[in-house]
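Scroll down for the structure; my scribbles are underneath it.
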C-alpha cells in the first residue's frame, strides 16, 4: 500500500518532467529546421533569428542542466547540419554525410553547455551571442583546418542585417543575428513574468537591456546600409573593366569527373570560341580577361602539349588572357607517390602561362586524406581523395594588368582567404569553383557565401563554376547576371575596380579575437560565480575543547572543517523566476581547505613530525644521487631516505646500495625489475613507508631540482596542520632557475589548464616536491592510481582535495638539473590532457547533481540576481 501511494504521488511530477523535456526536444528540432531554412535554397533569412530565439528559450529553461544544454545543442546542430548538407550524401552515400553532420553538430552542443553555464549572468543575451560567435570560430579551425559552412552569417545574404558584415566580418554578422534572437527571447520571458503577476506596475525593467541590444544591431545595419546600397555605383573615379565567365559544363555529374578531363577541357575551349564568335559578331562585349572554373583543365598543360595548344587557341580567339583552373605536379616527387597543387594560372594570348595562384586551403577527404591509416578502414571512398598540397602566396594574380584576388572553390568560406587577397591589393575577387561532384543546392549555398564576401570587402565577385552556378555579384550583394545549373554558358559584364578597405577587411580578425576572448572570460566569471572554483580558506584557531593532536581547524572526530557564513555565496530564487542553472554555490560533501604562501608556525599542542621518509625515485641518476643524498642528510639529519631504483642500466641501483651500507638504518633501497614510470615508483615507496609507520612521506627528485635545504619548509607546513604540503614554484616567494623557456611555458600552461579544469585554486598542482601526512595517503585509494609522469602529481592532489584534506603551498626555488637527461615525454602531456579533462567533467557533474537536488540554492536568470550569504548545512 505504501509503495502504491508513493508511485501515485510521483506520477504527476514524472508526467510534468517528461512533458517539459519533450517540449524542449521538439523546440530544439524545430529550431534546427528553421536555421536550415535561412540558407539557400529556402533563403528565409528571418528564420535564423527565430531559430536562435527558440534555442535560447530551451537553454534558459530552469530545468535545463549543463549536460542537458550540451544535449539540446547537439540535437539542434544535428538537425540543422543533416538538413543543410544532404548534397554530400547524394554521391558518396549517407555515411560521410552523417559523419560530417555529426562532427559539425558538436559545436552547437558546446555552445549549449556554454550557454547554460553563463545564463545567470546579467545581460545573458549578449553572452549567448558572443558564445555563438566563439563556437563558429572554433568550427572554422577544427578539425582538419575547420569547416565554416553553416555559419549563421552565410544565411543572411538576402537579409536586412547583411550590412553588418562590412563593419566586422562574418563574426559580427553572426553575433548580431544571435543577439537579436536571444534579445527577443529575453523580452518575451520578462513580459511573460510580468503578465503572470497580473500586469501590475510599470513594464518590466529587465526588457530594457535586450531591447537596447536589438535596437543597437538594427541601428548599425541602417547606418551602413546606404554605403552598401550604393557600392556598385562607385565613386565616379573607379575604372571599369569587362569580365567574361565561361561555364563549359561536364558530360555528367559525379565522382568520376576526373575520367572526363579531356571532355571538360574541350567544353571550356568550345564555349570560349563561341564567346569569341559572339564578340566578333557584336553580340557580346570584348572582355579584358576571361575566368574559367577550377579544374577546367585537369590535364596539366605543361606536361600535355596538346592541352596547352587548346588553351592557347582559345586565348588567341578571344584576344584576352584566360584564368584557367588546372593541376600541376609538385616537382621532385617520385612517380609512385605524386603530389599536386590546385592551381589557377593566367594564360596570355601569344605568350602562354604567366601569373598563378596555388590553392592555399585544400579540402580534407576531397583533395587530401587526413589520417589515412584510420579513414581508409572506415570508408571505401577514402582512397578516392586526392594528393594535393597547399600553396602559398598573396592570393592575387595580375590579369591584363588588373590585380585579381583568387579564392578557389571552398576557400571562399574561410575568412582569411579573401581578406588576404584584398590586403594583397586585389581590386576584384574571383571564385573559380568545381561543383561537378555535387548538386544545385550546394552551388546555391556557395553563391550566397560569395555574396556575403562581396559586401564584406566592398568588391565585385566573379563566380565561375564548371557546372554552375556562375555569376557576377555587385558589392551590395546583388546578382548582376548568372547562369543556370548544369548547362554550358558564358557571362560577360562590366565591373568596377575598387580599392577601398572596409572596417571588416582592416580589423575583422581583431574583432574575432575580442569575441573569442570575451567568451572565454565570461565563462570563467560564470564558473566562479556558480561555485566551481573553491576560494582559499584560512585555518581558524583551535578552541580549548579541540583535540590537541588534530591539525588546526579540524577535529579528528568531526571530519572536515565547518565553513563560516562568508565562505560561500548562495543565490536565492526570485518569486516567479523561470531560470535555474542548477549551479548554485553549495557546500560539497567533501571539502578542501587550502592556504598559500609562507607556512604558518605550528599551532600550540601540535607535535612536530617525528618519523619522516623521503622517497627518491631513480633511473640513470648515478651522477646526481650521491650529491642529493649528501645534501639531504646534512640539511635534515633526522629524516630517513628510500631510493626506489627502476633497474637503472648505469649502475644507480648498485651505488644506492653502497650509500645504504654506509648509512645503515637511515638510508634504504628498493630495487624494481622494470621501469614503470614515476607514479608507480612513488606508489611503491608509499606502500613501503606506510607499512613501516612513517608519519610523513616526502617526494623528492634525484636530479637536484628540489633543494634538500628547503625540505624543512614543507615539514613545518605539515606540523602546522597541512595534510599535503606542496613546494610551489608559482606562489609568492617561489622561483625557477635555469629552466628553458619552453619547459616553463609548458609547466605554467599545464598548471593553468589543470586549475581551470578541476576548479582547484592550487598554483603548482604539477609540482613534484611535496610532503604527505600518512593519514591522507591512507584515505586515498592508491590502488586506483594509474597515472604516470607529472599527471601522477595532479592525480594525487585531486584525490587529496576531493577527500577533504588540507593542502598548503610553500614557496621553493626550483633549479633545473645540471647532470643527466630529463624524462619528460609527449605521452606524459597527452595523458595529462585527457585525464584532467575527465576528472574535471566528473567533478563538475557530481557538483551539478548535488546542486539540482537542492532547490533552495537555485538561481534566477534574465532579469538579474539577488545575492545573499548564508551557511548551508548538509
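Backbone N, Cα and C atoms are what each Cβ position is placed from, and that goes for glycine too.
What Swiss-Prot records for 294 is active site, proton acceptor. Taken from Swiss-Prot, the feature active site covers 359, and the record attributes it to sequence analysis. Positions annotated as active site, nucleophile by Swiss-Prot, on the basis of sequence analysis: 409. The domain 'CN hydrolase' feature in Swiss-Prot is assigned to 241-497. Here Swiss-Prot flags 1-593 as region 'Apolipoprotein N-acyltransferase'. What Swiss-Prot records for 533-609, 852-874 is region 'Disordered'. Per Swiss-Prot, region 'Polyprenol monophosphomannose synthase' is recorded for 594-874. Positions annotated as topological domain 'Cytoplasmic' by Swiss-Prot: 1-22, 90-93, 195-205, 527-874. What Swiss-Prot lists as topological domain 'Extracellular' is 43-71, 116-176, 224-508. The feature transmembrane segment is assigned by Swiss-Prot to 23-42, 72-89, 94-115, 177-194, 206-223, 509-526, with similarity to another entry given as support.
It is 72-89 that, among the stretches 72-89, 94-115, 177-194, 206-223, 509-526, forms the most Cβ pairs under 8 Å with the transmembrane segment (23-42). Cβ neighbour count for residue 409 (active site, nucleophile): 24 (other Cβ atoms within 10 Å of its Cβ, all protein chains included). Assigned with DSSP, the residues of the topological domain 'Cytoplasmic' (90-93) fall into helix, strand and coil as follows: 3 helix, 0 strand, 1 coil. Per-residue confidence over the topological domain 'Extracellular' (43-71) averages 95 (mean pLDDT, predicted model).
The residues of the topological domain 'Extracellular' (43-71), classed with DSSP into helix (H, G, I), strand (E, B) and coil, number 20 helix, 0 strand, 9 coil. For residue 359 (active site), the Cβ neighbour count at a 10 Å cut-off comes to 27, with all displayed protein chains included.
When the Cα atoms are compared, residue 294 (active site, proton acceptor) and residue 359 (active site) turn out to be 10 Å apart. Following the DSSP three-state reduction, the secondary structure of residue 409 (active site, nucleophile) is helix.
Annotated pair residue 359 (active site) and residue 409 (active site, nucleophile), C-alpha to C-alpha distance, rounded: 9 Å. Taking H, G and I as helix, E and B as strand and the rest as coil, DSSP gives the topological domain 'Extracellular' (116-176) the counts 36 helix, 0 strand, 25 coil.
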